Amino acid sequence: MFSIFDILYSISEILTPLGVQGNKHGFVVFISEGLFFNHPEIGQRAMSIRCGFVSISYALLIIHFVYRYLALFFPQKLHLFFKPIGITLLTTFLLLHGSSWTLICQNCIGADEEIRKIVSKCFIKEYGVGTDGVPMLAALYWGVRPGIQFRSWLGITLLTIISWYSMSVYFILGYKITMKIKSITFEQTLSSTSIRLQRQLFLTLVVQTCIPIIASFLPTVISWYAPIFDINIGWWNTNVSTVALAAFPCIDPLAIIILVPNYRNALLRRNGVISEGHTSGNIVPPNSNVMFERRVR
């Protein structure tokens, strides 16, 4: 699931390369070049869809945490994930998560000609060009008419709620999973191999969670809120936010490849770094079904 998402995310990055600019009114996200550069309406919709991938990444991690939670607390219900009803619910959840972010961007912070004129002076000062025909999303908090101001505050508030609720789910379920792993380790209710597997998978999940927090959550939240307090973060927007968001689909799969020994060893064998027989560090042998193996007392 993550691999398909990362491919689609990379395609969206290629089609809609983004730039971020903060000014005295608020912040602006714009398409810097590419297929949609001279098509403001279509480009704006493409940007909104591109931003929806941030929300989908949050939803995928929620699903992973729920799966790991069920694997430890309710393993008898885990099969529902792979039933038609489970697949339908998960797909619906992903689509709702992504579309909600997309619709908020399109309807609350989508830029029109009035907004382009407002930020044009800042663009000319910083980039030497105006904003005519440039696809953009803008949240303008100060120095604009009340209607624009209200939509901007509403949009950023809704996006913040989605972001913080996602982070809360990670930390709550992560804490419960950690406590459960400590409990089964102490009580020895699972085999040592199963316990080692659970720890390794949870470590991978933790790293996969840290990546979007660093590459998506922090860059977006800082870019949203710095202009409210009149903090100039031009360097951050240019060198951190845009780079981090673009790098996410490349960095994300590395967590699994590097941290899960089976995947890491398979990659190293393919490149001739280690021999076929050298599998030290593998947690799960081929065709093993140890995840829910109970220790025979």
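Using N, Cα and C of the backbone, Cβ positions are placed for all residues, glycine too.
What TrEMBL lists as transmembrane segment is 51-70, 82-105, 126-144, 150-173, 201-226, 238-260.
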Leading contact stretch, 51-70, 82-105, 126-144, 150-173, 201-226 vs the transmembrane segment (238-260) - CB distance under 8 Å: 201-226
Distant-in-sequence neighbours of the transmembrane segment (201-226), which means Cβ under 8 A and at least six residues beyond its ends: 2, 20, 22, 27, 54, 57-58, 61, 64-65, 68, 139, 156, 159-160, 163, 167, 170, 174, 177-178, 181, 232-233, 236-237, 240-241, 244-245, 247-248, 251-252, 255-256, 259-260
